[in-house]
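**Student:** One structure, as structure tokens, below. Some questions next.
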Amino acid sequence: MHPEVSEQQADGATEPSLEESAGDHSGAGPGVRKEEINETKETCVGPSTTSCQSQKQQSGDSRLECRSGYARNDRDDRGPRMTKEFLQKLCKQHKLYITPALNDTLYLHFKGFDRIENLEEYTGLRCLWLECNGIQRIENLQAQSELRCLFLQVNLLHKIENLEPLQKLDALNLSNNYIKTIENLSCLPVLNTLQMAHNRLETVADIQHLGECLRLCVLDLSHNMLSDPEILSVLESMPCLRVLNLMGNPVTKHIPNYRRTVTVRLKQLTYLDDRPVFPKDRACAEAWARGGYAAEKEERLQWESREHKKITDSLEALAMIKRRAEERKKARDKGETPLPDSEESSSTSPEAQEKPPLGETQEKIELFVKGSFKAKDELFPEKPGGEEELAVVADRTVEEPDLSGSLAQSQIPLVATAEESTSSVAATDGARTEDTEAIALETKERLFIDDLPDLEDVDGMDISIEDQTKETGIPKIQVVSSLSDDSDPELNDSSLPMLEHTPTGSTGILSNIFAVCKDSSKAARVPLTDICKPTATTEVETQGQVFSTTRPQPLIQELGEDGRGENEPNQSLPAQSSEDGDSQLPEATPLGDRAENEAQSSLDLGEPSPRASLEDIEFGLD
């Protein structure tokens with residue numbers, strides 16, 4: 001029932017057997033028996049244990065190898081690779097062409113790639129960005145024959161290789177890698193820029209290959225381990241080297257007067273480390289190489305004096321230009337023509353002969369000043385006499401308003417409506433200026449009826465009209481009268497629109513009717529004017545009788561219908577109130593009769609009859 005008891009019994013059963021066996025060997029001593037037992041144990045245990053231990057070690061090594069192999073495969077599978085799908089997706093992300101050959105730039109930086117691959121279709125690349133990856137080798141760039149820029153900084157490169165297909169490569173950046181030797185760059189015929197900062201370069205032999213790069217202009221060797229001053233001999237063998245950066249290397253401390261020495265030995269250098277090499281710095285460095293610090297100081301003073309002189313010369317040139325411009329301006333203000341450049345140069349030549357020669361700088365200043373004036377003359381050509389013409393035009397514009405004002409004032413006592421009544425004469429006289437029209441309008445607005453003369457001054461006004469027309473000599477009114485028997489009373493009414501603003505009332509009407517133009521070219525040709533002239537003096541005395549005896553019957557009947565037949569003779573008179581100064585023409589005829597009489601008068605103008613000429617003596621003066 002109990003397993004422990006059974007185990008004890010089994011042990012007890014085995015022990016007697018051992019005792020029996022020991023009893024069989026009772027002839028031997030106890031020590032011999034112990035040794036024999038130990039030997040048997042060793043023979044039984046020794047080989048088996050060693051074989052087992054070796055098997056265990058082998059199995060452990062195999063397990064470690066299997067685990068490391070699995071880890072490597074997993075790492076290779078987990079890392080990103082340059083697959084075609086990934087590259088197309090990347091091109092789409094950066095808004096590049098899906099067609100690989102059309103892309104000239106490919107951005108593959110910060111992607112974690114460990115090798116370059118699958119770029120065979122990208123044959124048109126000119127710039128390839130592969131920085132900040134895990135690339136360990138330069139490879140698979142055979143299709144990039146048009147590549148100009150290759151950026152491989154911050155990778156795991158140990159060697160420069162496989163760059164032979166890149167025959168057009170211009171810039172190569174291999175900074176922040178583990179490169180120990182510069183090599184395999186002579187196959188790049190147009191390589192211009194090489195950046196090798198933060199690498200493992202140490203000796204002169206590591207950079208000896210740079211002497212074969214004949215087109216290399218920009219070289220960055222900063223933050224390496226270069227310590228031998230003999231590297232300058234390698235750099236001197238580079239004919240096109242312009243920019244050099246050696247900061248962060250021990251060699252900068254091992255070369256005495258580092259900057260001066262490098263500047264003197266590298267003749268074509270224009271930029272060293274963190275600042276440019278100016279011509280002044282190069283001259284001072286060369287003077288230091290010839291005569292030490294004293295020569296350098298003297299050379300520096302000479303350069304400073306030259307720079308100061310150049311500044312003063314430029315200021316003097318500007319002052320000379322300003323002075324000559326002021327002289328020209330004064331000459332133009334005085335009305336004198338400015339001297340040409342040849343005379344100015346001849347005038348300045350005696351002064352130049354008196355003064356000691358200043359050298360080429362003074363000649364350059366003179367040439368610069370002359371060139372500036374020539375350019376100004378070409379851009380802004382000056383017209384001789386232009387100011388005089390402007391003055392003449394200004395005088396004319398000043399005189400014309402005065403003349404127009406005087407003419408307008410002289411026309412005031414004549415007839416104010418000259419422009420309205422004589423359109424044909426105005427057309428032949430020519431178009432007037434806007435100033436004269438404005439002044440004439442102002443004078444028209446200033447006319448008042450109270451200022452008009454009385455009817456008793458008929459003879460005096462006629463004389464003044466003739467005198468004024470002789471003085472001015474410009475005809476203002478051309479009279480066209482139709483001496484017909486039907487237009488007797490309506491003649492004044494038809495001429496009313498022209499004469500409603502006349503200053504002389506009815507006498508003015510008579511004077512305007514028989515006014516003859518003094519100009520021979522514009523004289524009015526009116527038939528029977530000689531017959532009508534004697535009656536002009538007696539018109540005032542017989543005017544009432546003419547209207548009372550010769551008034552047509554239809555007019556009297558029409559006015560009588562309105563209830564004003566008794567006062568019709570008084571109303572039909574032109575203007576009887578001379579004392580009040582209101583000389584208004586009568587408007588007794590209706591509009592219909594006025595239109596008929598105007599039409600009849602226009603017909604009678606063409607063919608005057610002898611009967612009309614006889615009756616004109618009595619009725620034409622109305």
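Glycine residues also receive a Cβ, built from the backbone N, Cα and C atoms like all the rest.
Grabbed the feature section from Swiss-Prot, which reads as follows:
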- 1-80: region 'Disordered' (REGION)
- 1-11: compositional bias 'Polar residues' (COMPBIAS)
- 32-42: compositional bias 'Basic and acidic residues' (COMPBIAS)
- 48-59: compositional bias 'Low complexity' (COMPBIAS)
- 62-80: compositional bias 'Basic and acidic residues' (COMPBIAS)
- 101-123: repeat 'LRR 1' (REPEAT)
- 124-145: repeat 'LRR 2' (REPEAT)
- 146-167: repeat 'LRR 3' (REPEAT)
- 168-189: repeat 'LRR 4' (REPEAT)
- 190-211: repeat 'LRR 5' (REPEAT)
- 215-236: repeat 'LRR 6' (REPEAT)
- 249-288: domain 'LRRCT' (DOMAIN)
- 326-363: region 'Disordered' (REGION)
- 326-336: compositional bias 'Basic and acidic residues' (COMPBIAS)
- 337-351: compositional bias 'Low complexity' (COMPBIAS)
- SER349: phosphoserine (MOD_RES)
- SER464: phosphoserine (MOD_RES)
- 481-505: region 'Disordered' (REGION)
- SER487: phosphoserine (MOD_RES)
- 535-622: region 'Disordered' (REGION)
- 535-552: compositional bias 'Polar residues' (COMPBIAS)
- 568-578: compositional bias 'Polar residues' (COMPBIAS)
**Student:** Kindly state the mean pLDDT of the domain 'LRRCT' (249-288) in the predicted structure.
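**Tutor:** On average, pLDDT over the domain 'LRRCT' (249-288) sits at 94.
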**Student:** If you run through the repeat 'LRR 2' (124-145) with DSSP, how many residues end up as helix, strand and coil?
**Tutor:** 0 helix, 3 strand, 19 coil
**Student:** Could you give the number of helix, strand and coil residues in the compositional bias 'Basic and acidic residues' (326-336) as assigned by DSSP?
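**Tutor:** Counts, helix then strand then coil: 9 helix, 0 strand, 2 coil.
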